[in-house]
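*Asks:* Structure below; questions to follow.
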Amino acid sequence: MMHFRKKSSISNTSDHDGANRASDVKISEDDKARLKMRTASVADPILDAVQEAQPFEQAADTFHDNMNRQSYFSNEEGHVLCDVFGQPITQADISNPTRARDERPLDTIRSFEYAVSGDPVWAQQLETPTYGFRVRPDFPVFGAAVTYDANGMPQQVGGASSQMYGEQAVYQPQQHVQTEEKQKKKKKGLFGRMKKK
């Protein structure tokens, strides 16, 4: 096995020369300012996450930028609630003021899907602006010719009844009347035998 040795004269001179070179380098103030470590120059994922917009802020920017996706507050200067079509809501629903009172329940779900995805297919499937609460034209009426007024309410035929949708059956339980036969029956004990007095 071989051993390698350093020459002492070369190693001493190289160490001595390196120390002299480090002391000879001068850094100017401009270089110090340019090379100073700053947090803005460091790629820090936590700082990037803090400085980026929140999801609701991004959604608000999307609604303002994309006219296909109207928000409920698209008329911000008037502060009027609007439906997904941008139409002002004149009669709001009691439980959800961001939908019209006569909006179809399935349309509420479809409008949420449209607001989230922005897909115009959902907007095309909405029926409320066309029909309101009217029955669809292709709905089978099974021989009963029901006509509807401009508000989508069924019109009265004959005017005899004051109720709009006809008489609804109300459940009434049977009246239990005790007859004399039931009162005369004597109580029997175990195995059908008469009780002793």
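Glycine is treated like the rest: Cβ placed from N, Cα and C.
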*Asks:* Of the residues Lys32, Lys36, which is given the ubiquitin cross-link tag by Swiss-Prot?
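*Replies:* Residue annotated ubiquitin cross-link in Swiss-Prot: Lys32.
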*Asks:* Report which of Lys7, Lys26 appears in Swiss-Prot with the annotation ubiquitin cross-link.
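*Replies:* Out of Lys7, Lys26, Swiss-Prot attaches the ubiquitin cross-link annotation to Lys26.
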*Asks:* Do you know which of Ser23, Ser95, Ser161 is annotated phosphoserine by Swiss-Prot?
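*Replies:* Out of Ser23, Ser95, Ser161, Swiss-Prot attaches the phosphoserine annotation to Ser23.
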*Asks:* Should Lys26 (ubiquitin cross-link) be counted as helix, strand, or coil on the basis of DSSP?
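*Replies:* The residue in question, Lys26 (ubiquitin cross-link), is coil (DSSP, three-state).
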*Asks:* Using the alpha carbons only, what distance in Å do you get between Lys32 (ubiquitin cross-link) and Lys26 (ubiquitin cross-link) once rounded?
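*Replies:* Here the two Cα atoms are 11 Å apart.
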